[in-house]
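This report refers to the structure that appears directly beneath it.
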Number of protein chains: 2
Amino acid sequence: MIEPFNDEYFMKKAFAEAVQAFDEGEIPVGAVVVSKGKIIARAHNLTETLNDVTAHAEMQAITAAANLLGGKYLNDCTLYVTLEPCVMCAGALGWSQIGKIVYGASDEKRGFKKFAAKALHPKTEIVSGIFETECAELLQEFFQKKRK
Amino acid sequence: MIEPFNDEYFMKKAFAEAVQAFDEGEIPVGAVVVSKGKIIARAHNLTETLNDVTAHAEMQAITAAANLLGGKYLNDCTLYVTLEPCVMCAGALGWSQIGKIVYGASDEKRGFKKFAAKALHPKTEIVSGIFETECAELLQEFFQKKRK
């Protein structure tokens, strides 16, 4: 059976956001929030453009999704993000009580799993590794380009 | 020697922000950011008003301070906040590389010290317990009032 709206489908949308960040000279991380099979928020990292360390893709996506839903809890939502959330974003996702998080690449240096393992709500489901290689390679390409 | 602009002075300003949050029906946490002896940002918790779990006092203060300074790093700044920062806010403060954090009351349930001890930049200085009782009592009063 064909499942067009699966985790891969939505991660591709998050990846498209990451590519947009790349094109804007931002560390390429993208995210979408899905509720009842529909994308209700899209965002990409804007820390350089907005001159604001809090402007990670996930933070903007949480704010936008809550704004659209009219409630600050995201229990029925899934966040798709190309990179493992950092401590800040995991803390925010914890407050939001988001239902599920799907991420692409792992982040050994800054990821929440290592530095804030209990930041999320206990009921939040986590899936990792969807398009891991593509998400990681986009980041590597960005940092290689920056070093030149 | 009289030192009018010491930690107590600035914590009183953060406390005034917390009182404002209280009056607005928000969990009463307030913050100010100080750079070179001057307050460059003031904020209080607005999660209910903005319907946004990311609208903690510290997050808004970081964004406002960076906006005023025109750079996203706050190495020369001190954050005064009435409650120990949560995981999200500590993560954000880590990214900002803030020079010093002074907080009032401890937060055993949600504070970063327990859940993300390494979230801050290694050079960030931490001072705690300034007007601890007053900051904690304001929070207790808020939650007691809510339960009625």
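Every residue number used here counts from 1 along the chain in the order it is shown.
Placement of Cβ uses the backbone N, Cα and C atoms for every residue, glycine included.
Listed in TrEMBL:
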| type | residues | note |
| --- | --- | --- |
| DOMAIN | A:5-146 | domain 'CMP/dCMP-type deaminase' |
| BINDING | A:His56, A:Cys86, A:Cys89 | Zn(2+) binding site |
| ACT_SITE | A:Glu58 | active site, proton donor |
Secondary structure of A:Cys86 (Zn(2+) binding site) (DSSP, helix/strand/coil): strand
Overall pLDDT for the domain 'CMP/dCMP-type deaminase' (A:5-146), taken as the rounded mean: 97
Cβ-based isolation winner (fewest other Cβ atoms within 10 Å) among the binding-site residues A:Cys86, A:Cys89: A:Cys86
List of residues, in chain order, with Cβ under 8 A from that of the residue listed as 'active site, proton donor' and at least 6 apart: A:Ala31, A:Ala43, A:Leu79, A:Val81, A:Pro85, A:Cys89, A:Ala92, A:Leu93
Mapped DSSP class for A:Glu58 (active site, proton donor), helix or strand or coil: helix
Within the domain 'CMP/dCMP-type deaminase' (A:5-146), residues counted as helix, strand or coil by DSSP: 63 helix, 32 strand, 47 coil
